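Data block below; observations after.
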Amino acid sequence: IKFSRTCGVSSPVCVPGISAFAAAALVLPGNYPYYLDLIQSLSVGPVLIGLAKFGIAFPVSYHTYNGIRHLCWDLGKGFRLPDVNRSGYVVIGLSVITSIAVNY
């Protein structure tokens, strides 16, 4: 499984998305409470909001943990195939745990 490729593919999606969101927060009228009230008025329910939060948190945490994995590779650690596969699963597991934890 090519876990490192998914990190490379997620970068062109995450970086512009987060940058666009940040730029919109700077230039759109209104403040945080206004947009929070707007989202609450949509009545989408806690499940959908939780899924949206997970959908934002997972790529960010996955990319962060995979970046740490790449730093370990830069130090010459973990190049054996079993280590590469194990670290890939650890990255996915930590990303899921982190994404769930930020929802609470």
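Start at 1 and count along the chain as shown; that gives each residue its number.
Yeah, the Cβs are placed from backbone N, Cα and C, and that goes for glycine too.
Long-range contacts of the transmembrane segment (12-32) within the same chain: residues 59-60, 63, each at least 6 residues beyond the stretch ends and with a Cβ under 8 Å from a Cβ of the stretch. What TrEMBL lists as transmembrane segment is 12-32 (among others).
Within its own chain, the transmembrane segment (38-60) is flanked in space by residues 10, 13-14, 18, 95-96, 98-100, 102-103, which lie at least six positions past its ends and keep a Cβ under 8 Å from the stretch. Taken from TrEMBL, the feature transmembrane segment applies to 38-60 (among others).
According to TrEMBL, the feature heme binding site maps to H63.
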How many neighbouring Cβ atoms, not counting its own, are there within 10 Å of the Cβ of H63 (heme binding site)?
19
